[in-house]
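Positions annotated as substrate binding site by Swiss-Prot, on the basis of sequence analysis: ARG9, LYS10, ASP11, TYR12, LYS67, TYR124, ARG128, SER132, ARG192, LEU193, HIS194. Residues or ranges marked as FMN binding site by Swiss-Prot on the basis of sequence analysis: 62-67, 77-78, 83-84, GLN106, 141-142, TRP186, ARG196.
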Amino acid sequence: MDRTIADLRKDYTLEALSEVEVDTNPFRQFKRWFEQALAAQLPEPNAMTIATSTPDGQPSARMVLLKDFDERGFVFFTNYNSRKGQELAENPQAALVFWWAELERQVRISGRVEKVSESESDYYFYSRPANSRLGAWVSNQSEIIASREVLEQRMQEFQHKYENQEIPRPSHWGGLRVIPSQIEFWQGRSSRLHDRLLYTLLNDDSWEIHRLSP
């Protein structure tokens, strides 16, 4: 190996991010950037890291997929009994990060978390392929299992159980919405002097924008 990890670096030169050019509303600004990520045909532009923690501050993070967003917040779906589901039930605060390397951009979001409505969870669940719906029954997410064969056996059992009938949504599976209090837009710049614009929600539900030092 000719290069060490310390040698790995890239100079960011594609774009700039100006207070004059961004939307005053962070959701509209996110929509603008997300549409540009789609237009650039990035692989899974809706992939995001979500960080949660226990009440005593033990953190954990993983990748999930954004499935909806509007001015109410950012929605993903999961097993409520999973580690993240349990942590969010006990400590309903989370942080999200989108990283769009090809555009030299990231978006950081933090805020409180709440479950979406039953109808929203149903709507998305029934839009999924049948095997994905079965997977919500098969996997006791985050629990230790003896082998891969355990999952495959359970899949066969549920395929037989729901053969030729509608697969219902498990009560332990559904959507969660991150309701942001802060959203930061980061644009890579040359010499590591990146552009960082932070939107913070005020008491009157308006947003103020500040530039952060990189």
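Glycine too: its Cβ is placed from the backbone N, Cα and C atoms.
For PHE77 (FMN binding site), the spatially nearest entry among the binding-site residues ASP11, LYS67, ARG128, ARG192, HIS194 is LYS67, judged by CA separation. Comparing Cα positions, ARG196 (FMN binding site) lies closest to ASP11 out of the binding-site residues ARG9, ASP11, LYS67, ARG128. Taking Cα separation as the measure, ARG9 (substrate binding site) is nearest to GLN106 of the binding-site residues ARG62, LEU66, GLN106, SER142. Geometry remark: GLN106 (FMN binding site) versus HIS194 (substrate binding site), CA distance 11 Å. DSSP classifies LEU66 (FMN binding site) as coil under the three-state reduction. Counting only residues at least six positions away in the same chain, the Cβ atoms of ALA47, MET48, THR49, ILE50, PHE76, THR78, LYS84 sit under 8 Å from the Cβ of VAL64 (FMN binding site). Among the binding-site residues ARG9, ARG83, ARG128, ARG196, the residue whose Cβ has the fewest other Cβ atoms within 10 Å is ARG9. Each of the binding-site residues ARG62, LYS67, ARG192, HIS194 was scored by other CB atoms within 10 A of its CB, and the lowest score goes to ARG192. For the recorded site, GLN106 (FMN binding site), the DSSP three-state label reads strand. A 10 Å cutoff on Cβ-Cβ distances gives SER142 (FMN binding site) a total of 14 other Cβ atoms nearby, all chains included. When the binding-site residues ARG62, LEU66, ARG83, SER142 are compared by Cα distance to ARG192 (substrate binding site), the shortest distance belongs to ARG62. A sphere of 10 angstroms centred on the C-beta of PHE77 (FMN binding site) encloses 20 other C-beta atoms. Minimal Cβ crowding within 10 Å, among the binding-site residues ASP11, LEU66, GLN106, is found at ASP11. Within the set of binding-site residues ARG62, LEU66, SER142, the entry lying nearest in space to ARG128 (substrate binding site) is LEU66 (CA atoms).
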